[in-house]
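Peer 1: Before anything else, here's the structure in question.
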Amino acid sequence: TERQAPMPTFRWEEIQKHNLRTDRWLVIDRKVYNVTKWSQRHPGGHRVIGHYSGEDATDAFRAFHLDLDFVGKFLKPLLIGELAPEEPSLDRGKSSQITEDFRALKKTAEDMNLFKTNHLFFFLLLSHIIVMESLAWFILSYFGTGWIPTLVTAFVLATSQAQAGWLQHDYGHLSVYKKSIWNHVVHKFVIGHLKGASANWWNHRHFQHHAKPNIFHKDPDIKSLHVFVLGEWQPLEYGKKKLKYLPYNHQHEYFFLIGPPLLIPMYFQYQIIMTMISRRDWVDLAWAISYYMRFFYTYIPFYGILGALVFLNFIRFLESHWFVWVTQMNHLVMEIDLDHYRDWFSSQLAATCNVEQSFFNDWFSGHLNFQIEHHLFPTMPRHNLHKIAPLVKSLCAKHGIEYQEKPLLRALIDIVSSLKKSGELWLDAYLHK
């Protein structure tokens, strides 16, 4: 029999050069893959792969995929070599000890069956959303369309929308069913038919956030379109360059006017529709249309066409406040910077913090009060996140990594404090440097 040709070997110095959009290599379990062409067909989008070009992507790869054997089949044709024997498994001095301990922690979580879903939990979540949708129609049918019934109904529907948002998040992360396909199908139903949004738009955006949280030019959630300056690096850069699109020293004040009120009804709603059309994503568009057809069929008889349209945007306005405060309380207050190329565990802890557990906090935030654990184990069902939290705390203590946890009100106040601090940094740099 012919001897198999030896596998080409590469040093990190060479691999790190291949980090361009037209030339992408990455490393998984010491194997080197050329993903340049494949990235354009990647179901999670080409950007999330691009964010790990020239790096070890082992833990990110394992975090995002349920069936590693299945997705491994797509990797085989992309294999071009392996790390040279003398090269470390991790690049740029990332901590091998922290990585080893984290992988042992994940194995412990698997042994504890923490990736196993309680399907009754998710059935009850979906049921209470449907009950609220039905209750909204009943209130208007029974009490009429006066100001008080209309306001009560709007708050009920905003609550339903917020909870549907947390639920679609679970299916989008493949954390409910063992088979990815069933998660994808139900995800399209929840985000499309119950919310009028796009599953693919969410996937492409949200997985980037998880891959590189709070990293400029990689996490779309901190792309503020010059409206805000975040963290410490950005305000200093804007100040030094004399950039003043808005008076950023007052951003903690105008945040209340253009942040929570407008994100969903203005920015997200427009971006979602335009993305589905521009990408010709007809399946997601059909699901979204089914939501709007159901909504207007239900509420035009009460308010007319124009009234139903105003009613819809008022609901979006209310939901937007809920969404912004909950999603920013875990991230906006943390480190926001350029990529320091940390290991998976350290990078997630630098960008996330937790809010204390309670029945209300769990429900109100869709268990995003356990943001640290969710970022470390994105496919873990949310009802199990509190079980792994003590072990994550212990690992942080072992390696001297700060594990932040705070009361809900403190977390919300810290959003404003963080914006104020960044605005002051900008002003100081703008005036004096």
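Please read every residue number as a count from 1 along the shown chain.
Glycine is no exception: its Cβ is also placed from the backbone N, Cα and C atoms.
All annotation found in TrEMBL is predicted automatically rather than curated by experts.
If you look up TrEMBL, you'll see 7-84 marked as domain 'Cytochrome b5 heme-binding'. Residues or ranges marked as transmembrane segment by TrEMBL: 120-140, 146-167, 254-276, 296-315.
Give me the local environment of each listed feature.
Peer 2: Helix, strand and coil counts under DSSP for the domain 'Cytochrome b5 heme-binding' (7-84) come to 31 helix, 20 strand, 27 coil.
Sequence-remote contacts of a segment are chain residues at least 6 beyond its ends whose Cβ falls under 8 Å from one of its Cβ atoms, and for the transmembrane segment (254-276) they are 197-198, 200-201, 227-228, 246, 284-285, 288, 313, 316-317, 319-321, 323-325, 415-416, 419.
Same-chain residues lying 6+ beyond the ends of the transmembrane segment (296-315) with a Cβ under 8 Å from its Cβ atoms: 137, 140, 145, 150, 154, 157-158, 161, 265.
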Peer 1: Quickly jot the same-chain residues contacting the transmembrane segment (146-167) by Cβ under 8 Å, restricted to those at least six beyond its ends, or write none.
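Peer 2: That would be 122, 125-126, 128-129, 132-133, 135-136, 139-140, 190-191, 194-195, 311, 314-316, 318-319, 322-323, 363, 365-368.
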